[in-house]
Amino acid sequence: MAPKQSKTAKRSKKQNGTREVRSEVFEDSIAKNQMANVPKMTEKSDTKKPTKLQVKKDNFKARLYGSQKKKERRYTEKELNIPTLNRAIVPGVKIKKGKKGKKFIGDHDLIALNRLIKTIGDKNDEITESKLEKTRRLEEIRDLKRQEMERKETEKKEQLEGKKDEIKKKASVARTIRRKTKRQELKQETLAAQSEPIKKKKSVSFA
C-alpha cells in the first residue's frame, strides 16, 4: 500500500497546479454565438509584408551597392504655386504660366520654315548623307540665316522710321496748336482794346 499524504503536501500540490484562465465568451454559449457574427475589427494594412526571399535580395544588394533608399523630393513654393505672403491676389486675373520668351514663327514665314526643315536631325546626326550633300545643305542654311538677319534689320529700320515720323507728326501738330492759340490770344487782345471807350481829356477853362 502507498503511504498516506499529509495535509501540507496536498495543499502544496493544489497551489502549484497550473490554473487555466478561460474567457466567459467561450464558456457562455449565447455569447459565443454573438461573437461568431461580429466581423474582424482589425483592418488589413495596404503595405504587404516582404517575403524572406525579397528581404534576402535587398540585404544582398545593400551589401553590394550600399543602401539605396530614395530621398523624398522636397517641392519648392514656386513648383507648388503657393502665393507669396503679404501680396494681394487680384480676383479674376489669371497669372500666365509656362515658358517665357517663346518665339512663334508666322504661317507664311517661308525663310524660317525652310531653315528649320534643313536643320532637323543635325544634333543627333540622324541624317545619312555624303560630304558634298552636307556642305551644300550647310551652305543653304547659312544663306537662309543671312536672309533672316537682313529681313530683321529692314524691319527694325522700318520700325525706327515709323517712330520718327510719328514723333515728327506729333511735334508739328503741337506747333500748329500753339500758333493757333497765340493768334486767338492776339485777336482777343485787339478786340478788347477796340471795345474799350476812349476817355475824354479833362479841359480846364479860365474865366
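Cβ atoms here come from the backbone N, Cα and C positions, even for glycine.
Swiss-Prot has this to say about the protein:
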{"type": "REGION", "residues": "1-78", "note": "region 'Disordered'"}
{"type": "COMPBIAS", "residues": "7-16", "note": "compositional bias 'Basic residues'"}
{"type": "COMPBIAS", "residues": "41-61", "note": "compositional bias 'Basic and acidic residues'"}
{"type": "COILED", "residues": "122-176", "note": "coiled coil"}
{"type": "REGION", "residues": "147-207", "note": "region 'Disordered'"}
{"type": "COMPBIAS", "residues": "147-169", "note": "compositional bias 'Basic and acidic residues'"}
{"type": "COMPBIAS", "residues": "170-182", "note": "compositional bias 'Basic residues'"}
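Remote same-chain partners of the compositional bias 'Basic and acidic residues' (147-169), defined as residues 6 or more beyond its termini with a Cβ less than 8 Å from a stretch Cβ, comprise 111-112, 115. DSSP states for the compositional bias 'Basic residues' (170-182), grouped as helix (H, G, I), strand (E, B) and coil, give 13 helix, 0 strand, 0 coil. Summarising model confidence by region, the coiled coil (122-176) averages a pLDDT of 87.
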